[in-house]
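A short worksheet on the structure shown next.
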Amino acid sequence: MSLLLEPSPTMIKEQKMYRDMGLTDEEFAMIERILGRLPNYTETGIFSVMWSEHCSYKNSKPVLKKFPTEGKHVLQGPGEGAGIVDIGDGLAVAFKIESHNHPSAIEPYQGAATGVGGIIRDVFSMGARPIALLNSLRFGELTSPRVKYLFERVVAGIAGYGNCVGIPTVGGEVQFDAAYEGNPLVNAMCVGVIRHEDIQKGIASGVGNTVMYVGAKTGRDGIHGATFASEELTEQSEQKRPAVQVGDPFMEKLLLEACLEVIHCDALVGMQDMGAAGLTSSSAEMASKAGSGIELNLDLVPQRETGMTPYEMMLSESQERMLLVVKKGREQEIMDVFSKYGLEAKAIGRVTDDHMLRLYHRGEVVAEIPVDALAKDAPVYHKPSQEPAYYREFQTMEYVPTVDNYEETLLALLSQPTIASKEWVYEQYDYMVRTNTVVAPGSDAAVLRIRGTNKALAMTTDCNSRYVYLDPEVGGKIAIAEAARNIVCSGAQPLAVTDCLNFGNPEKPEIFWQLEKAVDGMSEACRILETPVISGNVSLYNETNGEAIYPTPIVGMVGIVEHVDHITTQAFKQPGDLIYIIGEAKQEFGGSELQKWLTGRIFGKAPTIDLHVEVKRQQQLLTAIRAGVVASAHDVSEGGLAVALAECVMSAQGLGARVEMKGDVVAELFSETQSRFIVSVKKEHQQMFERLVQAVRIGEVTNDGTLHVTAEDTCILHVPVETMRNVWKGAIPCLLKSKD
């Protein structure tokens, strides 16, 4: 589109063309008042992306304020590219999780790949070297041809990008439920390490300083990507494929290394990724944070397509681009660094003192907007909230299953895609590149050593969205608690949280109620577990033709292993070790894998959780691990104790377990009661372990390669470990190969 063909401000208003960009009538009227005139086409587009939910959090901001964001280790909370936490020795860890759901539903390979690329840039824009990637994925049932296609292409996209950049993908989770049939979730997390003195911020300060553009040239891909991410998916969404960006991981690698070198150059003032809303968001946000203004000459923006308009250049979300602010007169120093990597750093503007975003094109001013109106003063909506009818109904329902054949039930649960081995997924990822990975994918948390120290980092992503659906507040608490449980089982102290809040349309009161209650639960858990929220992302409008996903607040958590000797895994270690269970089982089957397998649906009450009990048990276990008396540790989660035991023996080689159950055997084996751990201990450490931890001994590790469970001196389950392993490992590959 040429400038001559762009609609006039009057046409935009009279024909309500702004609605197609995602703006409401009231918002357009606000823009008129802010500018004191009608906005032109470029300005309307700029407001539309910056006031989208994806960029402004206009629907979720009142809820997000509930999160605790400060703590003794926090160096940088929400508001920058990533949060940062101190880990001692002058080092810090930077991390963040973000969604790329809508693009992945339309073009799964590039949608997932560019999600990885974007989160990597968020971390290295802070000055941190990315050391690990994780992801949290949700798909519909794996029996659907469409779901198989999305699953295979999303995993390929994550692998293709991460492997090429050379950052190990070390962990994550994949779950399958019909609620995600039309709207998969692709949440990507990146973790980086940084020295305190190298921390950068995305600010445009210093009047007269130069604004520089670095990285890939600007094309028309991703235009209105932020707006696209702020609306429901429909049958027409497939036509918006151009809104999905295309990534180049080799360019990303060069950009990463160049940016990590340039942070040591005194000429650099600030640096930010051109992510959602591209050049618009990076320039406006950097100026707003600094209390300055910014002028850009769009004729100087590197373009890979001819005839691009200001609207297209400002709204493009082409990947692998960074915006830098550099001290005036020292541009050559910056250019020399990037030139070493075959990259061009180009001056495209300057910092001003008038708090305006001013754009020039062909010698004319084509946009003039107050930066705070874009970056800080978007409208904020306090949406109505209403408890859904299903929730009241579920609170009155009791579900107590009957199990006739324990072996058949365990093998059936191990074959459920959500529980089954994800080896098919993570074997496509290079999780050992850079050789720092100590605990690879498949355990409670991934663990990476920190070179030059005796410390290590544990990291995980977690959320059982079924629990959040049944009871958002309780489910929110459990999401935080389970993440911390996984960190502790690895021998680490939980430090902080990054979250990705994936929900449906917030304009529906029942959906907003889910969001509000989930955040209430998460916030309470974060306060009690002392894990502040330091970064995150909100992804709303996850609906397909009016049907919402399960509310899915993904929790990314990082913990510190004070000494590598404390690193613990779930695998049983040697015959004769004693097996303990921490925590008692209750008849809690709402949202459980057993309920889904037996009934084909999810209903009833979510498991309860006492956060003070949770903290006490985690602290006791971590103390025992640090005392060197724990051989293995694993949390009891999906599928209950039976599945947890199976995972402990399947993770070992040639070992088995003999366990005695007492009380309600179905609840003991298959209930998903919270705050429970399965631990193995050497016999010589028995007394010290029992002094440190309240736990019940239930059996011991054997060398016969079977899982043997008795109740009242009667064998109720006797399964060869190899049989379990074959079912568990083969489930997902078999489903992918099956013809529907």
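Glycine is no exception: its Cβ is also placed from the backbone N, Cα and C atoms.
Per Swiss-Prot, the features are as follows:
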type     : residues                                                  : note
ACT_SITE : H54                                                       : active site
ACT_SITE : H100                                                      : active site, proton acceptor
BINDING  : Y57, K96, D499, G536                                      : ATP binding site
BINDING  : E98, N537                                                 : Mg(2+) 1 binding site
BINDING  : S99, H100, N101, H102, R121, Q245, E317, S318, Q319, S539 : substrate binding site
BINDING  : D122, D273                                                : Mg(2+) 2 binding site
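Features as recorded by Swiss-Prot, highlighted on the structure.
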residue: H54; record: active site; Cβ within 10 Å: 28
residue: Y57; record: ATP binding site; Cβ within 10 Å: 18
residue: E98; record: Mg(2+) 1 binding site; Cβ within 10 Å: 25
residue: H100; record: active site, proton acceptor; Cβ within 10 Å: 32
residue: R121; record: substrate binding site; Cβ within 10 Å: 28
residue: D122; record: Mg(2+) 2 binding site; Cβ within 10 Å: 28
residue: D273; record: Mg(2+) 2 binding site; Cβ within 10 Å: 28
residue: E317; record: substrate binding site; Cβ within 10 Å: 30
residue: D499; record: ATP binding site; Cβ within 10 Å: 31
residue: N537; record: Mg(2+) 1 binding site; Cβ within 10 Å: 22
Separation of alpha carbons, D273 (Mg(2+) 2 binding site) and R121 (substrate binding site) (Å):
6
Just to verify a number: CA distance, N537 (Mg(2+) 1 binding site) to N101 (substrate binding site), in angstrom, no decimals.
12
Same-chain residues six or more away whose CB lies under 8 A from the CB of K96 (ATP binding site)?
G81, A82, G83, I119, D122, V123, M189, C190, T498, S535, G536, N537, G556
Taking 10 A as the limit, how many CB atoms besides its own sit near the CB of S99 (substrate binding site)?
27
CB within-chain contacts under 8 A for Q319 (substrate binding site), separation at least 6:
T114, G117, G118, A216, D221, G222, Q245, V246, G247, D248, M251, E252
C-alpha spacing of E317 (substrate binding site) relative to D273 (Mg(2+) 2 binding site), in angstrom:
11
Recorded positions near D499 (ATP binding site) (Cα-Cα within 10 Å), from H54, E98, E317:
E98
E98 (Mg(2+) 1 binding site) to H54 (active site): how many Å between their Cα atoms?
11
Report, in whole Å, the straight Cα-to-Cα distance of Y57 (ATP binding site) from H100 (active site, proton acceptor).
16
Cα-Cα, whole number of Å: S99 (substrate binding site) versus Y57 (ATP binding site)?
14
Most distant Cα pair in Å, residues Y57, K96, D499, G536 binding ATP:
17
Which number gives the other C-beta atoms within 10 angstroms of the C-beta of N101 (substrate binding site), all protein chains shown included?
25
Length of the line joining the Cα atoms of H54 (active site) and N101 (substrate binding site), in Å:
12
Which three-state DSSP class does N101 (substrate binding site) fall into?
helix
Starting from the Cβ centroid of Y57, K96, D499, G536, which together make up the recorded ATP site, report each further residue of the same chain whose Cβ lies within 8 Å of that point, ordered by sequence.
L64, P78, I97, E98, T498, C500, L501, V533, S535, N537, V538
